[in-house]
Amino acid sequence: MDVIKIAKVPDVTCIRLGVSSQGTLHLTTHHFIFRESQTKRETWICYPMIAHVERRQFTTGASAFSTSSIRIRCKDFTFLSFNFVSDQHCRDAFESIMKLTCVNSVTKLYAFMYKPGSLERKQPNGWRLYDPAKEYERMGCFEGERPAWRVTKINEDHTFSPTYPSYIVVPAAISDTVLNYGAKYRSKSRFPALSYYHRFNKGSITRCSQPMVGLKQNRSVQDEKMVSAIFCSTQTPGVIGASSQENLIVDARPTTNAMAQTALGAGTENMENYKGAKKVYLGIDNIHVMRESLNKVVEALRDGDISSLPPNREILHKSNWLKYLSIILDGAVLIARQVHFNFANVMIHCSDGWDRTAQLSGLAQIFLDPYFRTFDGFIVLVEKEWLAFGHRFAERSGHLNSEKHFVQRSGSDNNQGVSDVFSNVSNRLVKQSHVKYTSPVFHQFLDCVYQLLRQFPNRFEYNERFLRRLLYHLYSCQYGTFLYNNELERKQAHVEELTHSVWEYFLARRGEFINKDFDRKHEESLNEAEERILLPDTQRLKWWPELYGRTEQEMNRVHVEQKHDLQSPGVRSQQVVTPPPVQRKDSQKHRDHHQQKHHQQVQKNDLSPRRSWEDPAGSSDPLSSSLQGMHDHKATRLEFPRTHIQPHTNTSTLYTTSEDEDPYTGNSQPDETSLTEMNNKPSKLTQEESLSQDANPEESTIQPQEVEKEQEQQEVAEKLDPKVYASFNTMTLDSDPTPAVSTRRFF
């Protein structure tokens, strides 16, 4: 191809996790491959996986470096650095990779060229694994002489709501005429549609987009009838009545964001028009906030090519990644509890109903239905909640990439190499408009499922590697499943005829993705009403070390004595170093003065333990704060009964090693051969295990104001029993002696 200026570059040094190796770099149409000279080991990287590339040119002579380099960061958190002997070879390789990565059409991606091996060809058609009719029948929504739900054909040709599926289930009491008028009141015509039916008590989860309220506080009688029909679908005489039923409208957004949408003609429901229901705001931030959060995680890992040191824990904490996961899981727990324990119907929406709505609905269904915790059930869940209901995979994943992410710098220029960025800036800005819509929405969903796997290791049929490989193939573009934004776009592109489904890959390797601890017989023997529902501890979240190519110790380093502070992501309480006793004034005024100064200093340095859902300012529960002042909309906090279901307390890691990426061959050879070769190779993490832990300044810094307070503690402690005194020495500042029970509870 003309875009490949150089197909083979010898004498290249590859650096990964601080380990360097000599070899040859090969550039093909859809992958670049590094082949080591001694071990003959090959590293395959598909171009859509590339997130950022930096070329740095070093000069000879006065410079300490005599080579040019390319640093590559991948979307699966692989970090590589390539050093070239020739600067011209480096430039040609950089420009070739940029042109091959920043394509202008989805049809140029690898999925339209990929030919699967014999093992995948023997599998069932992955495009036919999800049958919506069978799935809704399985849930039982059409049972009984007069079922409360029906299938509408109003969107059979996708003209009514282009981003919705063709198969939609709505209340039986609502005609298509009402749908036709009511849908206009919802953004993108994404009207309330059934997502999940809880067979146990006939509760339901429906999803939609925000109402078009606007500044004039518009209303739609047809929309109100649809919502009323949904909320009346479970009223069973003698079991629950309208007076005791607590139906719920869940707005996933922060309150201010929802209110700000009124200026754009949208907004949120006026609860005066939706009788018999309550509304809550979950405070989940938008795609831009989540994108910046992941960028900070990447920043903490950014030297993963040239260094094997652990991630920067301060930056990890500032990313608030675990905090956002906690908020999402809290919202899903709220929905599951409301449906299961309160026999209620829940309607979820965010802005357009294809990002946060999919996260909440999917997670709540995993909590409620054991079927979605099986291998086949999870495939159905992704197909239904994410693909059929129109999550914008193409936009959020950034498959076509942008030249914005390719940077050139001069080794002698400390000012970012501005004069050497690109010779033609206008070409660099042509295809950047879509970059601002990328966001790790599906990544967050999989990370939340991973948290469930850690807390309930024997309740899931699939394992951690299944989730990790699914995220990998979200970006690999080897299969057509995640290339488009909705069902209509996939039909127009004929992806079923021209590409293969990603599920064929997983079916062909099913044994590799099965959880060995899963006990199907035990799961099926549980009482459906009480014991089969999962409710996780949303404050006991961990980093996903396998995803980031790191060890458990590197990502989740926590002292035993700080077990109650696990909800503080990445920050540990400051250790008290007890100084020798000295004489001092023992006045209450003197003690209060220094305690107050110490408290102010701790707040200034942000060292105090913080719940994972709190914001950097230390504000309280976003859900409860969002409900303040919302009496006009009747949005109130809900109370839920406690349940005896507790998460599994086994904290053993599921860590294997991240060096199990499937190398792509680009031909029809089966991938299992390459898997065997890769499994026989040494892990990239073995060289890190002997490294000492990185020093955390927050753990060793003692403020001068603390000395006198600690001296007082020393005097008291010396009067105690020796055993008590020994335990006193391990106390931490600002530690909470109470159990780790979050105040952000819905029950």
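Yeah, the Cβs are placed from backbone N, Cα and C, and that goes for glycine too.
Record features (TrEMBL):
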type	residues	note
ACT_SITE	Cys350	active site, phosphocysteine intermediate
BINDING	Asn286, Ile287, Cys350, Ser351, Asp352, Gly353, Trp354, Asp355, Arg356	substrate binding site
COMPBIAS	587-601	compositional bias 'Basic residues'
COMPBIAS	630-642	compositional bias 'Basic and acidic residues'
COMPBIAS	646-657	compositional bias 'Polar residues'
COMPBIAS	665-704	compositional bias 'Polar residues'
COMPBIAS	706-722	compositional bias 'Basic and acidic residues'
DOMAIN	126-548	domain 'Myotubularin phosphatase'
REGION	562-722	region 'Disordered'
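Structure coloured by features recorded in TrEMBL.
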residue : record                                    : CB count, 10 Å
Asn286  : substrate binding site                    : 16
Cys350  : active site, phosphocysteine intermediate : 27
Asp352  : substrate binding site                    : 19
Trp354  : substrate binding site                    : 26
Arg356  : substrate binding site                    : 28
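Here the Cα atom of Arg356 (substrate binding site) is found 6 Å from that of the residue listed as 'active site, phosphocysteine intermediate'. Cys350 (active site, phosphocysteine intermediate) sits 9 Å from Asn286 (substrate binding site), taking the CA atoms of both as reference points. Highlighted in sequence order, Ala252, Thr357 have their Cβ within 8 Å of the centre of the Cβ atoms of Asn286, Ile287, Cys350, Ser351, Asp352, Gly353, Trp354, Asp355, Arg356, the residues recorded for substrate, and are not part of that set. Largest Cα-to-Cα span within the substrate-binding set Asn286, Ile287, Cys350, Ser351, Asp352, Gly353, Trp354, Asp355, Arg356: 12 Å.
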